[in-house]
Every structure is written in structure tokens, then in C-alpha cells.
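Q: Sharing a structure, written as C-alpha cells. Questions coming.
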Amino acid sequence: MTADLEAQLRAVSLRVTRPRLAVLAALRDHPHIDTDAVIALVRADLPAVSHQAVYDVLRALTDAGLVRRIQPAGAIAHYESRVGDNHHHVVCRSCGAIADVDCAVGHAPCLTASDDHGFVIDEAEVVYWGVCPSCLTPNTASSEEGST
Ligand SMILES: [Zn+2]
Ligand SMILES: [Zn+2]
């Protein structure tokens with residue numbers, strides 16, 4: 001599995017380092033997590049890595065297109081490694097949970113603007129807001145299994 005992640009780094013001419021591999025692995029296993037959660041996961045493997053180092057890695061991976069930054073209005077930045085498509089997100093107004101929503105049609109831009117103002121549009125980003133299943137049914141979350 002690590003060979004996979006190493007290949008991703010090499011494909012964008014980034015040097016393979018353990019912190020970069022750890023961040024990619026964390027996002028592969030836990031999509032849509034914030035910076036603090038990334039730091040906690042990376043440190044479980046590499047306790048010596050600093051906060052700043054993780055910030056730097058996230059920035060480098062985002063700039064290189066290996067990681068996508070999602071920041072719903074009013075929320076802090078979340079990261080995911082599902083890139084290269086034009087998928088959207090649904091966000092819970094109550095707890096902030098984020099899930100993927102596949103493109104409306106085929107590939108980017110998967111929605112047609114009613115007026116493009118002469119722009120050449122190559123991407124559409126949609127955020128669906130609502131309430132997630134566990135917020136809809138408070139008090140029963142702990143008795144259910146298989147929710148992850
Ligand atoms: Zn929720
Ligand atoms: Zn996503």
C-alpha cells in the first residue's frame with residue numbers, strides 16, 4: 001500500500017518522505033478530516049513530527065494536486081485524497097459531518113450554469129447542506145452498530 005503512495009508522490013515530483021506518506025495514508029483511511037485530526041493520525045505513527053511539519057506537508061500535497069482542501073462556509077478546512085474528479089459534498093449543519101456526493105453528470109463541470117457570462121467554465125463546486133442521520137436520531141446513536 002505504501003508503494004502506491006510513494007508512486008503518487010513521485011508522479012508529481014515530490015520527494016518521498018515519511019511525513020508525506022503518513023499524511024497520505026491518514027487521508028486515504030479517513031477522508032474529510034481537519035488538520036488536527038491529520039496531526040493526531042500522523043503522530044500515532046511518527047511521534048516526532050511537529051504541527052508545522054504537518055501544515056507544510058498538507059500545503060505541499062494540496063499544491064501538487066494530491067490532496068483536496070474542502071472548506072464549507074463557516075467551517076474549518078478539511079482534507080481528502082480523492083482528487084481528479086469533480087465530486088461534491090454534503091455537510092451536516094448540526095455536527096459538521098462531511099460525505100461525498102458524486103458528480104451530477106459524468107465529468108467536470110458536471111452542472112451547466114444558467115448564464116456563463118462568457119467564462120470558460122471547467123469546474124462546478126456544490127455544497128449540499130442538511131442534517132446527517134445520526135443528528136436526526138439523537139440518543140440512539142450509541143445503540144446502533146456498523147455505523148462506520
Ligand atoms: Zn450531524
Ligand atoms: Zn470528498
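The first residue you see is number 1, and the count goes up from there.
Cβ coordinates come from backbone N, Cα and C, glycine included.
The following feature annotations were taken from TrEMBL:
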BINDING   C92, C95, C132, C135  Zn(2+) binding site
Q: How many neighbouring Cβ atoms, not counting its own, are there within 10 Å of the Cβ of C92 (Zn(2+) binding site)?
A: 18
Q: With Cβ-Cβ distance below 8 Å and at least 6 positions apart along the chain, what are the contacts of C132 (Zn(2+) binding site)? List them in sequence order.
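A: Residues satisfying the criterion: C92, S94, C95, A97, A99.
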Q: Let me know the most crowded of the binding-site residues, choosing from C95, C135 and counting other Cβ atoms within 10 Å.
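A: Result of the Cβ crowding comparison: C135.
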Q: Taking the mean position of the Cβ atoms of C92, C95, C132, C135 as the Zn(2+) site, which residues outside that list, in the same chain, have a Cβ no more than 8 Å away, listed in sequence order?
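A: Going along the sequence, the neighbours come out as R93, S94, G96, A97, V131, P133, S134, L136.
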Q: Sort C92 (Zn(2+) binding site) into helix, strand or coil using the DSSP assignment.
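A: The residue in question, C92 (Zn(2+) binding site), is strand (DSSP, three-state).
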